[in-house]
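Report on the following structure.
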Amino acid sequence: MRKRTVWAWVVAIFCFIVLMIVTPAIPQSQEYHNFADQRQFLGIPNALNVVSNFPFLVIGLIGLVLCHHGNYFKLSLQGELWGWTCFYIGVAAVAFGSSYYHLNPNDATLVWDRLPMTVAFTSIVAIFIIERIDERKGTLSLIPLLLAGVISIMYWRFFEDLRPYAVVQFVPCLAIPVMAILLPPMYTHSTYWLWAAGFYLLAKIEEAADRPIYNWTHHIVSGHTLKHLCAAMVPVFLTLMLAKRDTETNRISLYQSWRISWSKAKENGAEVESYTCTYSSVPVEESR
């Protein structure tokens with residue numbers, strides 16, 4: 001098992017090095033800072049993009065309190081407690097970092113927007129390793145993953161290259177839903193991971209469609225504002241999952257459970273069809 005872990009890290013590092021060699025640097029486009037909705041309200045520039053970060057603060061503080069007050073979430077593993085604590089700290093900090101950035105959008109303030117998001121992303125990866133792969137490995141990976149996230153931000157600022165940050169942000173977004181489906185969970189209600197992933201995907205679509213959404217809504221709300229609100233639903237769903245879940249006694253993956261449900265549905269359908277055919281043939285026999 002240990003040898004496989006070493007090989008997995010070697011392969012991952014090798015792939016990252018190859019990626020950095022064969023792909024060109026990705027500079028931060030300055031057009032990114034030109035948001036559709038730049039209206040002021042009560043003296044606040046870009047007001048809706050600023051205040052729409054408030055839900056992050058609310059859910060972040062709620063999550064922190066529930067993590068540590070009476071162990072409401074029933075976190076039995078120390079690594080889980082550390083991981084979820086870092087996650088909720090990152091979520092709460094997004095409210096301040098993103099608001100600060102949207103008050104004056106530029107590369108320097110964007111650092112403080114991306115840094116707390118990176119803390120949340122990397123914490124989630126460590127939590128997922130604890131739950132789905134190995135408790136010890138997940139706990140030990142928390143600090144290295146957090147450092148990798150911070151380094152990716154520093155690399156972008158010093159070398160004007162977004163590639164490491166893109167890996168830190170988007171690889172978990174692809175890997176976690178796949179792992180949530182294929183790997184057996186430690187806890188119940190694991191479908192909440194997929195709801196969270198779905199809302200994050202929707203948030204990225206709204207971010208990309210910032211100006212079209214602003215035009216479609218007749219300048220009522222922009223895509224970036226909606227992106228903040230949808231992204232805030234990610235910690236909401238994960239908090240609901242923590243509040244509802246119990247230890248899973250029958251550890252099978254979502255994929256396996258879906259296959260079982262599909263097989264049962266097909267069997268029930270076949271039984272109903274057989275019964276219908278038998279029932280419909282009775283009058284024919286009687287008429288003879």
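Cβ atoms here come from the backbone N, Cα and C positions, even for glycine.
Sequence annotations record features per position, and here TrEMBL assigns transmembrane segment to 7-27, 47-69, 81-103, 115-133, 140-159, 165-183, 225-243.
Below 8 A, the CB atoms of the transmembrane segment (81-103) and the transmembrane segment (225-243) form 3+ pairs separated by six or more positions in the chain. Non-local neighbours of the transmembrane segment (115-133) in the same chain are 77, 79-80, 83-84, 86-87, 89-94, 96-98, 139, 141-142, 145-146, 148-150, 152-153, 165, 168-169, 172, 175-176, 179-180, 183-187, 235; each lies 6+ residues outside the stretch with a CB under 8 Å from one of its CB atoms. Long-range Cβ contacts of the transmembrane segment (165-183) within its own chain (Cβ-Cβ under 8 Å, at least 6 residues beyond either end) map to 16, 19, 26, 114, 117-118, 121-122, 124-125, 128, 132-133, 148-149, 152-153, 155-156, 190, 193-194, 197, 200-201, 253-255.
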